[in-house]
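Pulled from Swiss-Prot:
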ACT_SITE  His316  active site, proton acceptor
BINDING   Leu9, Ala10, Ala11, Gly12, Lys23, Gln69, Gly132, Glu148, Asn163, Asn214, Arg286, Lys304, Tyr319, Asn330  UDP-N-acetyl-alpha-D-glucosamine binding site
BINDING   Asp97, Asn214  Mg(2+) binding site
BINDING   Ala333, Asn339, Tyr340, Ser358, Ala376, Arg393  acetyl-CoA binding site
REGION    1-216  region 'Pyrophosphorylase'
REGION    217-237  region 'Linker'
REGION    238-426  region 'N-acetyltransferase'
Amino acid sequence: MSEVDVVILAAGKGSRMKDDLSKPLHKVAGLPMLEWICRAVRKFNPKNIIAVQGADEDFSSYVDETVVQKEQLGSADALRCAFPKIDAEKLIVINADMPLMTENDLVDLVEKGEGFDAALLTADLKKPFGYGRVIPVGERNVVEQIVEERDATADQKKLHLVNAGVYLFRADYIKRAINNVTTDNSQSEYYLTDALPGAKIVQVADWHDILGVNTQQQLAAVSKIARKRINDQIMANGVTMIDPLTTYIDANVLVGTGTIIKPGTVIEHDSVIGAENEIGPYAHLREKTVTGIDVHIGNFVETKNAKIGDHTHIGHLTYVGDAEVGQAVNIGAGTIFVNYDGKNKHMTKVGDRAFIGSNSKLVAPVEIASEAITAAGSTITDNVDQHAMGIARQRQTNKSDFWQRMPHEDFATEYDAKHDQRDDQP
């Protein structure tokens with residue numbers, strides 16, 4: 001494959017999202033859309049990834065180079081802004097709001113575009129509204145014209161072959177051809193599609209890959225597709241999901257073979273789940289949760305930045321945050337790892353085979369040694385040594401005849417009287 005630069009068009013204002021976050025930074029399955037694009041293109045080792053951004057944006061942490069489009073004058077003008085950074089023989093141009101685009105789509109574009117000055121990805125859509133229509137030259141697989149939705153005639157709107165917004169160009173060709181692009185359209189903008197007559201048409205295998213995001217509803221739709229793809233891949237690797245439709249796993253999560261994931265589970269980015277785990281139902285494994293082999297994380301358990309050793313059981317109603325938990329530990333229901341002092345987060349360490357009693361509160365920084373115990377209901381603020389039991393609660397006192405002092409006595413008397421009357425009825 002020839003050297004290729006990638007230009008990501010990311011300068012659009014994204015006003016239809018109706019929020020203050022830059023559109024390319026909206027997340028799909030835990031990753032910004034811009035990162036999805038970068039992950040796809042990096043797989044074929046481009047020479048440079050260049051983002052064209054607005055004056056108020058900074059995408060430098062995602063790409064190799066950035067350039068600013070000072071005015072929104074159209075896609076051709078955006079690409080022109082990137083010309084000083086282009087050094088390779090060919091370039092791929094792609095919009096920043098296409099998180100479902102795959103490496104295979106881009107490789108197919110490069111391979112089938114060989115020998116052409118330009119090529120573009122297309123899809124055959126049953127409902128093409130909103131997309132530019134691709135008009136081919138007769139039966140040939142090359143472009144005669146691309147017409148944007150707002151500029152199309154009634155007959156052109158009936159066409160189903162649409163422009164995906166992903167292009168391959170010979171650099172020398174597009175640097176010449178872009179000078180012939182005019183603003184003779186309804187938007188008075190420089191359309192990059194006007195430089196595509198004669199371009200090779202390359203159709204994607206899965207039309208979902210070309211879906212773009214302009215609204216919150218579209219963001220939700222592509223997120224649903226992305227999560228299904230993630231779940232399908234995880235299940236293909238030997239993981240059981242009781243209900244994939246209610247299992248939400250981010251893109252950069254690893255799950256080991258033989259693990260069972262129950263409904264309502266959420267597993268967030270940078271987490272690694274070991275083999276033979278049982279997760280859920282209704283478990284929330286937040287970022288940087290790492291589990292060993294044969295770990296059980298049950299219903300209504302939340303973890304974050306936690307390393308959990310082999311054979312450990314965290315059954316229910318527990319928060320484990322900023323923690324290192326050893327092997328074969330039992331953490332009872334209602335346990336809270338108290339990790340935040342109002343300013344800083346602190347670590348809790350629990351050694352192998354420790355037993356944490358129900359409703360314990362471990363106030364970090366604190367360490368529970370191997371084979372140590374905390375008594376149920378304790379608030380542990382000091383380290384507990386090996387083989388010791390930490391108890392931090394007041395001894396129980398029973399006060400006799402206390403019921404009669406409470407208002408419950410009158411209520412109970414009235415309740416009993418009413419039920420006695422019902423029992424007397426035939």
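Cβ atoms are placed via backbone N, Cα and C, with glycine included.
As a summary of secondary structure, the region 'Linker' (217-237) carries 20 helix, 0 strand, 1 coil according to DSSP. The Cβ of Arg393 (acetyl-CoA binding site) has 12 neighbouring Cβ atoms from other residues within 10 Å, across all protein chains displayed.
The local packing around His316 (active site, proton acceptor), expressed as other Cβ atoms within 10 Å of its Cβ over all shown chains, amounts to 17. When secondary structure is read from DSSP and collapsed to three states, Lys23 (UDP-N-acetyl-alpha-D-glucosamine binding site) falls in the helix class. Every protein chain shown contributes to the tally, and the Cβ of Ser358 (acetyl-CoA binding site) ends up with 18 other Cβ atoms within 10 Å. Between the candidate binding-site residues, Lys23, Arg286, the densest Cβ environment within 10 Å is the one around Lys23. Tyr319 (UDP-N-acetyl-alpha-D-glucosamine binding site) and Ala376 (acetyl-CoA binding site) are 16 Å apart (CA-CA, integer value).
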